[in-house]
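Here the structure is laid out as structure tokens; the discussion comes afterwards.
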Amino acid sequence: MDIFTEAYATEQDAQDTLTHLRSNFLIPSKGDLARKTLRSDEKTDQNDEPSIYLCGNSLGLQPKLTHKYMQQYLDTWASKGVYGHFKEVEDSSLVPWLHVDDDCVPEMAKIVGALPSEVAIMQTLTANLHLMMASFYRPSKERYKIILEGKAFPSDHYAVESHLRHHALDPSHSMLLLTPSSDSHTLTTPQILSFLTLHAPTTALLLLPGIQFYTGQALDIPAITSHAHHLGITVGWDLAHAAGNLDLRLHDWGVDFAVWCSYKYMNAGPGAVGGLFVHERHGEVGEGSSSSGKGDDGEVGYRPRLAGWWGSSKASRFAMTNSFVPIPGAAGFQLSNPSVADTTALRASLDIFKLTSMEALRGRSLKLTGYLLELLDRLAEEQKAEEEEGGERCFSIITPREPEQRGAQISVLLKSGLLDVVMASLEAAGVVVDERRPDVIRVAPAPLYNTYRDVFLFVREFRLACQRAVRGEGGPGESVMVNGGKEAKGWSEVK
């Protein structure tokens, strides 16, 4: 059967053992997306066909459990008040608020390949990155530089620069940027390892993304971490696009620290609570340690950090002694009690992850992106043939083809000047993807809820959108995603 048919895609979905997971999510209809109100109206309600939502790399879809759990949280607050912190509610799926973050840890630890003691549910990604750098960036006279990817997401760049300045270091000299060669969009592992070897004598910290947000390239976390450690470099990872996407093994790989958000593949909602990983070797707390019991040299029996009451030992958390004794592990890096609303939304998503494994999801993801690449290659061949007859080829793929070097996102580089029309055409057809200027659209089949049919329908609409753009039809068009990003304060600033 021809792979470029809806029948083929439908057959693949029927044979897929994880397709049923989609039923746990709310898929916006095309009418929902077109409507400018939350309430329904007669015109848009006529189009109740599900949208083709391939944007889980920007914002994951809402689990059906989210509304139920959030209502239970609100009802508990309304009926129990402060007792909600401590009182078990028999007809609620949620634990008392005092334990709401701990309740999420075991499942999150499975997702990132960690021991439960190595994971904390807290803050947001950049805040957690600052906390980790405050603890792990320990510059010396000889080793003080930080290696960062040259095209890192701006927030990571800002965080690194601010820590360098905090230590009275000049970022132009102390921040080393890893950039691809001039003929490539992506880094190679040998290139990264060589760069580390060259700069190791003056480098204190390496910070890289598990998946590069623009190209979709997945970096070789174990190989890079091992090489950096061999050179005496501390290693941190930004897993914004990797958590809930790649099959991670943070503990086994020996990663020093990692941070992530939970609004992308983790489906916990916009701006949701983040997470961090601290390897167990860094989370030890010596017997008798406390902030008021330091020795003559000013040292305490645990790793230096910015501290807060929620990271204090549960045995003394409410004692109000002003003597900080951290909880062993990642939990000892917590500052304040977490938002119960945010953590409840995360709980809803984690209960769907419980139904499968990251190994199974990763396998399904590779099949979906493999199918997407096959269809795009077929389309590229058609455009090449048309080019020979005076037509135009309008795109190329900048995400690596090797399965181990990609996650769920495929980044498509359009010919200059086509982006606005292509995005407007896709949006008009009920297709949701996102763009990164100047010319990239990011397409991300999320393995928890996307299907082969979604992938097929996207490529079919993308083909038509390219044809319209090349012919100059439709003008610049109106696109929510494009208009939201033009002023550098919309979607283009959300990883």
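Backbone N, Cα and C atoms are what each Cβ position is placed from, and that goes for glycine too.
What TrEMBL says about a protein is an automatic prediction, not a curated fact.
Database features, via TrEMBL:
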| type | residues | note |
| --- | --- | --- |
| BINDING | L125, T126, F153, P154, S155, D156, D238, H241, Y263, W309, N337 | pyridoxal 5'-phosphate binding site |
| COMPBIAS | 486-495 | compositional bias 'Basic and acidic residues' |
| DOMAIN | 195-283 | domain 'Aminotransferase class V' |
| MOD_RES | K264 | N6-(pyridoxal phosphate)lysine |
| REGION | 474-495 | region 'Disordered' |
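For the domain 'Aminotransferase class V' (195-283), the DSSP counts in helix, strand and coil order read 25 helix, 23 strand, 41 coil.
Comparing the recorded positions L125, F153, D238, Y263, K264 on other C-beta atoms within 10 angstroms of each C-beta gives the minimum for F153. Taking the Cβ of N337 (pyridoxal 5'-phosphate binding site) as reference, residues of its chain lying under 8 Å away and at least six apart in sequence are, in sequence order, W97, W310. If you take the Cα of D238 (pyridoxal 5'-phosphate binding site) and the Cα of K264 (N6-(pyridoxal phosphate)lysine), they are about 13 angstrom apart, rounded to a whole number. Note: the CA-CA distance between F153 (pyridoxal 5'-phosphate binding site) and K264 (N6-(pyridoxal phosphate)lysine) rounds to 15 Å. If you draw a 10 Å sphere around the CB of S155 (pyridoxal 5'-phosphate binding site), it holds 16 other CB atoms from the protein chains shown. In the three-state DSSP scheme, S155 (pyridoxal 5'-phosphate binding site) is classed as helix. For the pyridoxal 5'-phosphate site, whose binding residues are given in the record as L125, T126, F153, P154, S155, D156, D238, H241, Y263, W309, N337, the maximum C-alpha distance rounds to 31 Å. The average pLDDT for the domain 'Aminotransferase class V' (195-283) in the predicted structure is 99.
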